[in-house]
Amino acid sequence: MHSPGAAAYVFLQCLVALVAAVIAQSGADQPPTTVVEVTAHGSVSMTPPTPRSPLLNETELVELNQPGSTAVFVALPTNPPTVSVDSSSTTTVASTQEPTSTTERTMSPEEIQKLLLPPATVEADILHVNATDDNRPDAKSSGKDSECPTLEGADHLSQTQLLTRLTHVCRYDRLERPKRESINGTNGPVKVYARAYIYFMQNLEAHDLQFKIHALLQFRYVDPRLVFREVAPNRTKPIMGEQSLRDLLWVPHVFLANERSSDILGTAEKDILTSISPDGTVIVSTRISATLYCWMNLQKFPFDEQHCSTVLESWMYNEDDLVLLWEHKSPVTLAPELHLTEYVLLEMFTNETVINADLSDLRHGAFAGNYSSLSFTVHLAREMGFYMMDYFIPSIMLVAISWVTFWLQADQSAPRITLGTSTMLTFITLASAQGKTLPKVSYIKASEIWFLGCTGFIFGSLVEFAFVNTIWRRKRNVEVKKVNSKHVLKQAITPRPARKDMSGLHKSHSCTSLADSATTVSANSFNNYLTVHSIPQKSPSSATLPIISTTDVDRAMTEASNVTIQIEGQTSNVNGNGWTTMTPQEVAIWIDKRSRFVFPIAFVIFNIFYWTFVYYV
């Protein structure tokens, strides 16, 4: 198997033979000088013979096996060539005289291929090579029109022609920022003025801490290299273009520091507008859609106010090379039809600052320094209409419904339990629906304070029912010193035996409620009394056992019928010591009646404190 190098060598040998034959055939009419040298390692020396070629009577030495091959031009007299072929690894076709001059220049592989073309195409190929050399980035300006096009007669040039000459590599480098002379003569920073127009702003998404805008960002700066006022005095309109024009110019790289995602708007093409004024002022306008982070404070949710900023920063150049400034007139403008459904815009303000970046935080890649920054902030307040109708008013109604149990009798357990538990579950469901739209934060929010307050009142009504139901089922009367909240609740929680002083005898009553004999029960629902008289001992020598006597049921009922309890305007059974006897049912009813007023008044007081905190603290 032959190696690729051997195959290439055979091909070059055939090519040399073909060229030698062509030279020999045309030697009678024209004495060209062509040198073609092929070595084993792939070296070729050749001069294409053509009358129109500027390379006539020159030898071009090309090293094919090295990048950026070198061509050597050797001027030779126009003597007939001699051809010598031997069995060595080198074939040479050359004239018999030594070269008189030698010049060198670098040729690309494309030029080498063109040298191997037939003679008829050499002139066109050489023109192509010259044009390629003029447009190379590393080409040096020599002052010739072919290398650096002139700006004379710019008034008669088209916009594309003028732009092509202004941005030619001989006079413009798009990788280099514009130079601006400062007061002391040094190269000062480029001043870039910014302006923003907000088309659309989406409501803040609290659970993602972000908002979305559609805006037009415009940057204005002066590039002295693009001034054409002197060369084209009659051209007063700016040069306009889109993305293609922007790609030819130096443009400041400004990024959104709090960006989550962004994109340039546009359908068929991106919405980028670039203009160059005669005085060199460049304006670049871009329509963007951006999703930005907004770090919200939800402590007063849903009565919160948020400050959301859009931050612009210079990416590549620090403040020594580039300074960002807001336009003095209307730096940020909102579209008249812009309307937010959940928020109301209170104010908007702009700011110019400097951001310090060091190598530790990598804020600007591997660069450290002070970078210019711009920001505009919107102050938004949340609208309360939705939350009032969807959360606060329904929760107030649920709390009020829980108070209906105070008008039901204490022994009606089923309706009171059903009403209390259903109210509690409904309110928890209502509150959980609101919490799903919020992020999970560690601090307490205003909505959670409201939730805890309403839950406390609903739970309090359930506790009140359990309390009065327990008292209702007691079978022992309660004696209170005074019929007020302090004494009634104290005796209801920790009941004591009834006290009655009977002229030296301590008399106590106990009753047994017989539910089965409801038809014979007295007005106070007591049908059996046992009276125990205790005779105090006069001295230690007296009888050691007390005398106990019982009365029959009729006498007990007769005596009990003479006892009355003071309940809302009725006379109470007050003994000589000022104690009042109340039945358990009367205590339960008394607590329910007081709860009908205490709970609403307490809820009103809670609302006063809550709404004062929300709006004034």
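Placement of Cβ uses the backbone N, Cα and C atoms for every residue, glycine included.
These come from Swiss-Prot:
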SIGNAL    1-28  signal peptide
CARBOHYD  ASN57  N-linked glycosylation site
COMPBIAS  82-96  compositional bias 'Low complexity'
COMPBIAS  97-106  compositional bias 'Polar residues'
CARBOHYD  ASN130  N-linked glycosylation site
CARBOHYD  ASN184  N-linked glycosylation site
CARBOHYD  ASN234  N-linked glycosylation site
CARBOHYD  ASN351  N-linked glycosylation site
CARBOHYD  ASN370  N-linked glycosylation site
TRANSMEM  388-408  transmembrane segment
TOPO_DOM  409-414  topological domain 'Cytoplasmic'
TRANSMEM  415-434  transmembrane segment
TRANSMEM  448-468  transmembrane segment
TOPO_DOM  469-596  topological domain 'Cytoplasmic'
TRANSMEM  597-617  transmembrane segment
Original post:
Long-range same-chain neighbours of ASN351 (N-linked glycosylation site), Cβ under 8 Å, sequence gap at least 6?
Top reply: LEU374, SER375, PHE376, THR377
Subject >> the topological domain 'Cytoplasmic' (409-414) [mean pLDDT, rounded to integer] >> reply: 87
**OP:** Please give the sequence-distant neighbours of the transmembrane segment (597-617): residues at least 6 beyond its ends with Cβ less than 8 Å from one of its Cβ atoms.
**Re:** 300, 303, 399-400, 403, 406, 446, 449-450, 453, 457, 460-461, 464
Original post:
For the topological domain 'Cytoplasmic' (409-414), DSSP counts of helix, strand and coil?
Top reply: 2 helix, 0 strand, 4 coil
**OP:** Give the distance between the Cα atoms of ASN370 (N-linked glycosylation site) and ASN234 (N-linked glycosylation site), rounded to the nearest whole Å.
**Re:** 43
Subject >> Tertiary contacts of the topological domain 'Cytoplasmic' (409-414), as residues 6+ beyond its ends and Cβ separation under 8 Å >> reply: 465, 468-469, 471-473, 585, 588-589, 592
Subject >> All-chain count of other Cβ atoms within 10 Å of ASN370 (N-linked glycosylation site) >> reply: 13
Original post:
So for ASN234 (N-linked glycosylation site), how many other CB atoms are inside 10 Å of its CB?
Top reply: 7
